[in-house]
Amino acid sequence: MDEVPSSDGSKSACSGEVVMEQSVHELEEVFKKFDANGDGKISGSELADILRSLGSDVGEAEVKAMMEEADADGDGYVSLQEFVDLNNKGASVKDLKNAFKVFDRDCNGSISAAELCHTLESVGEPCTIEESKNIIHNVDKNGDGLISVEEFQTMMTSEMTDKSK
């Protein structure tokens, strides 16, 4: 685990923004395929049709459950924004877990100050152990001096939320 994978999202904010823009564009293209009548929203029947055309034997109850999960505003349709949000929610959890693995060099399920500092230095961010300890202190909910997967996810998602404001 000495290399930092290029697709883990742990690069600079600028490269992450480019990846996000590309994936939103790709999701728009997929959305257009689901939106058979071009009205800017996906209905339950459009979802069922596309899933069946892809070989999935989905029943009405499954389609209804999928629609309920995706339809955040409860209008009975999935808008482009709801579609993007749904897809990014699943991807971001996976991406965050992959990013966590990059930092968790000894694979023990937590990130120490030394691991944090080493990983930051490996991507060109100057760092001291003291700085790493301060970062950890700010997100360490249970006070063990380490960052758990949950604490890492909280830290990263609150950073993303702060940057979008």
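Note that the numbers count up from 1, one per residue, in the order the chain is shown.
Placement of Cβ uses the backbone N, Cα and C atoms for every residue, glycine included.
For the domain 'EF-hand 1' (22-57), the number of residues in each DSSP class (helix H, G, I; strand E, B; coil) is 23 helix, 2 strand, 11 coil. What Swiss-Prot records for 22-57 is domain 'EF-hand 1'.
Within the same chain, residues at least 6 positions away in sequence whose Cβ sits under 8 Å from that of K41 (Ca(2+) 1 binding site) are D35, Y77, V78, S79, L80. The Ca(2+) 1 binding site annotation in Swiss-Prot covers D35, N37, D39, K41, E46 and is backed by sequence analysis.
Residues annotated as domain 'EF-hand 2' in Swiss-Prot: 58-86. Mean model confidence of the domain 'EF-hand 2' (58-86) amounts to 87 (pLDDT, 0 to 100 scale).
The number of other Cβ atoms within 10 Å of the Cβ belonging to E82 (Ca(2+) 2 binding site), over all protein chains shown, comes to 19. The feature Ca(2+) 2 binding site is assigned by Swiss-Prot to D71, D73, D75, Y77, E82, with sequence analysis given as support.
What Swiss-Prot lists as domain 'EF-hand 3' is 91-126.
Around the Cβ of N108 (Ca(2+) 3 binding site), the same chain contributes no residue under 8 angstroms that is 6 or more positions distant in sequence. Marked as Ca(2+) 3 binding site by Swiss-Prot: D104, D106, N108, S110, E115.
Swiss-Prot lists 127-162 with the feature domain 'EF-hand 4'. Among residues of the same chain six or more beyond the domain 'EF-hand 4' (127-162), those with a C-beta under 8 A of the stretch's C-beta atoms are 92-93, 96-97, 99-100, 103, 109-114, 116-117, 120-121.
Residues annotated as Ca(2+) 4 binding site in Swiss-Prot, with sequence analysis given as evidence: D140, N142, D144, E151. For N142 (Ca(2+) 4 binding site), the number of other Cβ atoms no farther than 10 Å from its own Cβ, over all displayed protein chains, is 9.
In the three-state DSSP scheme, D104 (Ca(2+) 3 binding site) is classed as coil. Just so you know, the Cβ of D73 (Ca(2+) 2 binding site) picks up 10 other Cβ atoms within 10 Å once every protein chain is counted. The CA atom of E82 (Ca(2+) 2 binding site) is located 33 Å away from the CA atom of D104 (Ca(2+) 3 binding site). A gap of 40 Å separates the Cα atoms of E115 (Ca(2+) 3 binding site) and D71 (Ca(2+) 2 binding site). On the backbone, the CA of S110 (Ca(2+) 3 binding site) and the CA of E151 (Ca(2+) 4 binding site) stand 9 Å apart. Ranked by how many other Cβ atoms sit within 10 Å of their Cβ, the binding-site residues N37, S110 place N37 at the bottom.
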